[in-house]
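S.K.: As annotated by TrEMBL, domain 'PAC' applies to 101-153, 227-279, 485-536. Per TrEMBL, domain 'PAS' is recorded for 154-224, 280-325, 412-482. Residues or ranges marked as domain 'Histidine kinase' in TrEMBL: 554-771. As annotated by TrEMBL, domain 'Response regulatory' applies to 796-912. Taken from TrEMBL, the feature 4-aspartylphosphate covers Asp845.
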Amino acid sequence: MSEISEPTNPQNAQPYQGIGAETERNSNLLEQALHQSIEYAPIGIVIFDCDMRYLAVSHKWLEDYNLTKDIIGHSHYEIFPDVPPEWKQIHQQCLAGAIAQREEDPYPRADGSVEWVSWSIRPWHLANDEIGGIMMFTQNITQRKQTEIALQHSEERYRYLSTATSEMIWTVPLDGVTTYENQAWNKFTGQTAAESQDWGWLDAIHPDDRPTTTQAWESAMKTRTIYQQEFRLRRHDGEYRYILTRGVPILAADGSVREWIGTCSDIHDRKQAEEELRESNILLNSILESTPDFIVVKDCQGRHVALNTNLANYIGRPIEEIIGKDDTEVLPLDAALAIMAKDREIMATGKPQSYEEEVVKDGIFSTFLTSKAPWRDAHGNILGIIATTRNISDVYAELRLRKQAEEDLQESNILLRSILESTPDLIVVKDDQGIYFTLNSGSANFLGRTVEEVIGKDDTEVFPPEVACEIMAKDRQIIETGIGITYEEELSNGKSGGTYLTSKAPWRDDQGNILGIIAITRNISDRKQAEIALAQAKEAAEAASYAKSEFLANMSHELRTPLNGILGYAQILQRSKHLNEEERSRIDVIYQCGSHLLTLINDILDLSKIEAQKVELMSSDFHFPAFLQGVAEMCRIRAELKGIQFSYQFASELPVGIRADEKRLRQVLINLLSNAIKFTDAGQVTFTISYAFEGKIRFEVRDSGIGIPPEKLQTIFQPFEQAGDRRRQIEGTGLGLAISQRIAELMDSTIHVQSEIGVGSIFWFDVDLPEAQEWVKTSQADDYGQIIGIKDRQPKILVVDDKWENRSVIHNLLSPIGFEVTEANDGEEGWQKITEFQPDLVITDLLMPKLDGFGLIHRIRQSEAFKHIIIIVSSASVFESDQHRSIEAGGNDFLPKPVQAIALFQKLRKYLDLEWLYEEQTSENQLIIDNAELVLPPQNEIETLYELVMKGNFKGIIKQAALISQIDQKYIPFTKQLHQLAQGFQDQEILALIHSHK
């Protein structure tokens, strides 16, 4: 309501007294000045007579109420017929002499808005002191009032925020001494209000962080810049937490710092807020240039006033060429006219618009979203338009992806719930207070309750006290350490029970905070019983396997010992000069038969190792091209017999000699090539050897066969898995590729395969094969012929072995060519002979009475006088552990029994640095058959011979050779050579003979 004062004293209210004493001219001037002062007053002024008719008004009044001077002489109630009764009452009170005024008065407008007005009404008097009417003074204070209200609201919000927020808000005066009590700080740190005053807040900061925090604070106060610092703050429980504090100086009107205000907050939230603030500032300061959108401002005539570089680049002109032009001057006419039509519509209606459009530029379709709005001045007048265009092609794609992700998430949730309920496991989720958050039906059923009965309870309400305490202790351990646990336990609910495996882990939110625990319990009673049975079966199998391996190893040793004598003396006799051709041929048969028997023994051991998964590689040096040629020729014959082409490609830069397990490498290659030939009915098989990468050698077998189905590619390397039709499967065991892959893995490689049905297959593997330089030298030397002596030397060799036949073999191999050999039948005698004989090299057995080979090696290596003697261990032991032990004990090398003369000579030449003397080459003992005279038998006979060779049936080959010789005398040269090769068990030579004369 208005404030109304008592009627004024007429003696003190005579605005026109004394005017009559002036001249009429002065009176008119004064009246004009009065009217002008009213008319141009900066506030609303109106003068009414006693009937409330307008006598004079100011321009401000007319402007505020949207009136004109035509109201002079009209009644106020005529102009404003809806004047409320309370206002009429105020008018009458003032006409009676009262004064009414109000500093702030809300005035509702017709449009629903509220204006705040400061007004005053007082009577004016005639010369006779009678009241002539009233004067009204008004001033629109809406803006000031809104500012005050906003400030009041802001202060209230600040007070509420500082009290209610979890953030620690602080204020300090210019000197930096804390005076403001912050409940959040005190609650967090445990400090009292008195403890945090002045500089006491520093006591809650980690001692290591106090110097940097103080320095940063003092620097900020000195430079009047923003204070920002990270430090560790001690919480009320004594734990230090990383806090980010940030303070800003509040400046007075003169630019000086009035006070500081700041916050202490979680570092992650603060960093995120700072990043958002930084991005917001960048956006506000450089929105035109930093946004990927196209932004343009045009005036009412459609001329470009401003635009960003992105739009200019899209148009294809510099900004300077576009400013001042309209769309018809920078865009194609059709596009320009469409854009200008929309611009005119927006300026005419004053309403913004947004629309999408498809644009094709340089053959690329793009979707753009354009938003246009009127460009207005401070008074709301439209000056033009502002347009923002965004390429939303990616947004559309993202929306599609998001929709798909939401659908996937929904399906995942459904699946997760289904799994939770369908699993036989017991699953529960508890919060950090041990309250059951959720569980599946299986858990509830085990507890003998419903899910609803368990949720909201803790373990003390579900289990007996002692069980509950044990469970809760484990849960607390997980929550405190953040580390899951797994344990077995015996559980029973009275109806069922057994051994259960429980896994518990922390339940975390997206930020990694622990919310509780998740527990999964599974009944493993059947598995435990199966594990016990499996362990028993494994123990029995291992015992049987060990017994088998021991038996085979012992049998091998027993067989190797006599073979050493047989093969040794066969080699000695082969070197004799007193044998005729027939006797030499018989000795060769003895040697070949013994070698074949030795190969069978080794194969039996290898089979045992494969079954026990104990296959180990035995590397040796061999001629690489000859090895590959032999493999290729062996498979070429079978391929050509089948009517398919066989291509062998060998890179010239590959090494001549390599070190590898020759037998295993041949086994893998023949298996891959045999499979390729077997599954190829037409076309060709290609065998390629080349360098791969990092010096590795690649073996590749490519065929144009039937191909392998995709679903079989992952299983063909498994035991007993075969591809192809039933006919082809019968041809093999299904073990070849599995064994080959195992051998490749032992070579630190993997067999890879690519295949396409009806096109063919490619198998390849890469192996690191070191070059054998020493073998190359030896192989070159052996080409000179048989060794008959040593140049300029007579090395001394000591042979230590408890078997005289073993000593005799080595003695008779070495003595004839110039070695001085002495013997000892055990380690003790060997040591005596070393001290007396002082040999250059010792060849010793391992298993001997009195002092075995290991003891002898140890004694030699401990001796200062003889520790440098070369020691070669020669044993029939098949245990690789014995071979490794002999090298680790101090042996220089290992020579397996039966001793091969070539291997023995190679090791002696290597360690004693010998130069051999060779017998001159003659052709007396060579098979004198001119290859040109050989005539190959019919194709069916060749196929029969090939099958016999592949089966290793040498007796069958000899028998077949006799039958072929009876067909026609022209085949006799061929059958004689075939007979001799079969007697020597030379399968590769037989295959080469068949192929070379095909």
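Glycine is treated like the rest: Cβ placed from N, Cα and C.
No curator has checked TrEMBL annotations; they are predicted automatically.
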S.K.: So how many other Cβ atoms are close to Asp845 (4-aspartylphosphate), meaning within 10 Å of its Cβ?
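M.R.: That number is 25.
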S.K.: With DSSP, how much of the domain 'PAC' (227-279) is helix, how much strand and how much coil, in residues?
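M.R.: Helix (H, G, I), strand (E, B), coil: 13 helix, 30 strand, 10 coil.
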S.K.: Just to be sure I understand, if DSSP states are collapsed into helix, strand and coil, how many residues of the domain 'PAS' (280-325) fall in each?
M.R.: 22 helix, 10 strand, 14 coil
S.K.: Please work out the helix, strand and coil residue numbers for the domain 'PAS' (412-482) from the DSSP assignment.
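M.R.: Summed over the domain 'PAS' (412-482), the classes give 42 helix, 10 strand, 19 coil.
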